[in-house]
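What TrEMBL says about this one:
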{"type": "TRANSMEM", "residues": "13-35", "note": "transmembrane segment"}
{"type": "TRANSMEM", "residues": "47-68", "note": "transmembrane segment"}
{"type": "TRANSMEM", "residues": "80-102", "note": "transmembrane segment"}
{"type": "TRANSMEM", "residues": "114-135", "note": "transmembrane segment"}
{"type": "TRANSMEM", "residues": "141-163", "note": "transmembrane segment"}
{"type": "TRANSMEM", "residues": "296-316", "note": "transmembrane segment"}
{"type": "TRANSMEM", "residues": "336-355", "note": "transmembrane segment"}
{"type": "TRANSMEM", "residues": "367-384", "note": "transmembrane segment"}
{"type": "TRANSMEM", "residues": "390-411", "note": "transmembrane segment"}
{"type": "TRANSMEM", "residues": "431-450", "note": "transmembrane segment"}
{"type": "TRANSMEM", "residues": "456-479", "note": "transmembrane segment"}
Amino acid sequence: MGSQEVLGQAARLASFGLILQVLFRLITFVLNAFILRFLSKEIVGVVNVRVPLGVFWSLFLGWVWLQLLEVPDPHVVPHYATGVVLFGLSAVVELLGEPFWVLAQAHMFVKLKVIAESLSVILKSILTAFLVLWLPHWGLYIFSLAQLFYTTVLVLCYVTYFTKLLGSPESTKLQTLPVSRITDLLPNITRSGAFINWKEAKLTWSFFKQSFLKQILTEGERYVMTFLNVLNFGDQGVYDIVNNLGSLVARLIFQPIEESFYIFFAKVLEREKDATLQKQEDVAVAAAVLESLLKLALLAGLTITVFGFAYSQLALDIYGGAMLSSGSGPVLLRSYCFYVLLLAINGVTECFTFAAMSKEEVDRYNFVMLALSSSFLVLSYLLTRWCGSVGFILANCFNMGIRITQSLCFIHRYYRRSPHRPLAGLRLSPVLLGAFALGGGVTAVSEVFLCCEQGWPARLAHIAVGAFCLGATLGTAFLTETKLIRFLRTQLGVPRCTDKMT
């Protein structure tokens, strides 16, 4: 498969996944906003901050949540112990579907992945809304049962699809699939008589260590909240809601792009070879794609940072009412808008870095992440003691800045001996930067005079000002970033009819 064909598949995977995720997430967004009206901050903090960590450690340290950590007041958060057990069971169920998820991701089963995950999330939200409305006294039962229902539906979608696919005549045409029947995904003894392929096991161990450290970096603030009690359950709940709302754009836009183009880079580039020793056409295509993705991530992140600052309080008031729009909520979301910019750049740089690194480079990177994980946890604790829940976001910004620096250094070394300079994607024209600065200033003034205590007419006027400034900024980007526009038109546009989407 040529690099252009792989690029086309990756682009369609990203665009198709983006469209479906936006449609499905809008439904869950409305359902979650409805659910928040019936919950206390305390139960949100327990469900979204403490219990998910119990899922991660359910097979090893589940008893810690029940025996050593502070147990919430049963009158505020009822059925805590049973809820932790059910969340742990849901983790086991989800692990059963992991091989099917990997198979679908590696072979770009676009519709299966997006529809299975989106359908599961929607059904989970509907069940949660129903139970919260009709059986609010169930407490943590509601969320633990909904989580178990979500993982069961997700696994069943994958199992049902692959059972039908591998048992049909069409499966003989899919020569690229490494399995021919469902039992091939179960543990078995190889032809050589060995139960474990040690070469693959070593590579798996390297990625496991990297994933474990990345878990600390991405979920580290939850560990600090849980074990060190730096925030009460109510503040934890507000932080998690703001965190989920702030990362919504990252999940909708950046995650599909990162996952799809990681596959592209992994298929086009060879891990163990220098860029000068590989097929130069593939290296050039990879560099051009990386440059365009960096430009796209930078523009999207800057847009969210600049315009999110003036509309954070309004967004929280619409989404969760006074519980979120008063207190620390707006400051948290404004800080998170800047963090989204770093998330966008890091997602693109790391998807290339992890696809191009050799096994030895992955192992060396793990040592860097180990040191970064330790410093991140310490910094989270210190900054939170100093400036409250905003400290977690500041620590995350520091963590993300270090990771971006590591990835940029790798990309620079990778293309150092070639004529390609993909890092040029991080440079914007002065005219566009001026448009961003002007738009941010105008919307900030608009927020002072029109938002958010003067009724809906003033709010709508504030929204209109933001829409005008956003349109002017995007128009400037359209006129100045012609290379990126050409890339989006050719690769992320309407899929070609001649290409069959899996």
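Keep in mind that glycine also has a Cβ here, set from the backbone N, Cα and C atoms.
Note that the structure is predicted; figures quoted are calculated from it, not measured.
Remark: the transmembrane segment (296-316) contacts the transmembrane segment (336-355), by the rule of 3 or more CB pairs under 8 A. Counted over residue pairs separated by six or more positions, the transmembrane segment (114-135) shares fewer than 3 Cβ pairs under 8 angstroms with the transmembrane segment (80-102), which leaves the two as not touching.
Tallying C-beta pairs under 8 angstroms between the transmembrane segment (336-355) and each of 80-102, 141-163, 390-411 places 390-411 first.
Note on the transmembrane segment (390-411): residues 217, 220-221, 224-225, 239, 290, 328, 331-332, 335-336, 338-339, 342-343, 345-346, 349-350, 352-353, 356-357, 361, 365, 368, 372, 376, 379-380, 382-384, 422-423 of its chain, located 6 or more positions outside it, place their CB under 8 angstroms from a CB of the stretch.
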